[in-house]
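Listed in TrEMBL for this protein:
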- 12-39: transmembrane segment (TRANSMEM)
- 59-78: transmembrane segment (TRANSMEM)
- 99-119: transmembrane segment (TRANSMEM)
- 125-145: transmembrane segment (TRANSMEM)
- 157-176: transmembrane segment (TRANSMEM)
- 182-202: transmembrane segment (TRANSMEM)
- 223-240: transmembrane segment (TRANSMEM)
Amino acid sequence: MTQKLFKLNIAAAVLHFVQAIAVLVLANDFALPVTSFFWNDAPNNSLDVARLDRMFDVSIAWAAAVFLFLSSLFHLIVATVGRRTYESELSKEQNRFRWVEYSISSTVMILTISIIFGIGDIAGLLGIAGANIAMILFGWLMEVANKPGKEVWWTPFWFGCIVGIIPWIGLLIYLLGPGDDMPKFVYGIFISIFIFFNLFAVNQYLQYKKVGKWSSYMYGERTYLILSLTAKSALAWQIYGNTLSA
C-alpha cells in the first residue's frame, strides 16, 4: 500500500467515525415503522387496515450512524490488521474488503432511503436489500473473474447494472406517487445518492476500459474511497438536516 493510500484510509476511518458520533449526539429520536400485511383469509379485493402490522421501528439516526460506523471499521481494518491481505489483493487488482463493506453499508443506505420514502413493508425491503447486495456481489465478481492483462469479461458488470437499478425504480415510484405531497428534501436525496451510486459503476467501467488515469488500478481504488466517503457523508447530513435536527 502506498503511503498516500494508507493516509487516505486512516483519514476516511476517522472522518466516518466522527460523523457517526456527531449524528448520534445531535439527532433526535425520529423513527419510522417497518410493517407487514397479511391477508389472514382468502385473498380478496378489499384492503383491511387492521391487517397492517407494525413489526418494529427503525431509528433513523442509528441507521445513518451504522453505515458510517461500518465504513470507519473497514477502513481501519485495511490500514491495520488486514493490511497485508489488502496489499496482496491490490497487487492482483482486487479488494474483497471493499465489496464486503459495500454489500452491508450501501444496503443500509438504500434501506434507510426506502423507509424515509415510505417503503415500509418487510418483504419489499428485503427485496430491495437483496437486489442491492446482488449488485455489489456482481461488482466483486467482476474483479475476481478478470485478471490483469487478460480480455475483460463484462457480463458481471452489466448484470450488476440491471439488478442495481431495480431499487431505484421502486424509489422513483414512491417519489412521484404522492405528487406534490412528497417533502422536497427527498428529491435531493434521490438525485444526489442516485448519482453517487452510479459513479461507483462509472469508476469500475473506466478501470476496466483503462481510460486515462484509470489505467492504474490504484487510481480507481482511491476514487472508490473518496466516492464512498462523499456519498455516505452526503446522505447522513441530508437525513440529519431534514429529519433528525432538533
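Using N, Cα and C of the backbone, Cβ positions are placed for all residues, glycine too.
Automatic prediction, not curation, is the source of TrEMBL annotations.
The stretch with the most CB contacts under 8 Å to the transmembrane segment (12-39), chosen from 157-176, 182-202, 223-240, is 223-240. Looking at which of 99-119, 125-145, 182-202, 223-240 has the most CB pairs under 8 Å to the transmembrane segment (157-176), the answer is the stretch 125-145. Remote same-chain residues near the transmembrane segment (182-202) are listed as 102, 106, 109, 113, 116-117, 139, 157, 160-161, 164, 168, 171-172, 175-176, 224, 227, 230-231, 234-235, 238-239, 241-242 (criterion: CB distance under 8 Å, separation of at least six residues from the stretch ends).
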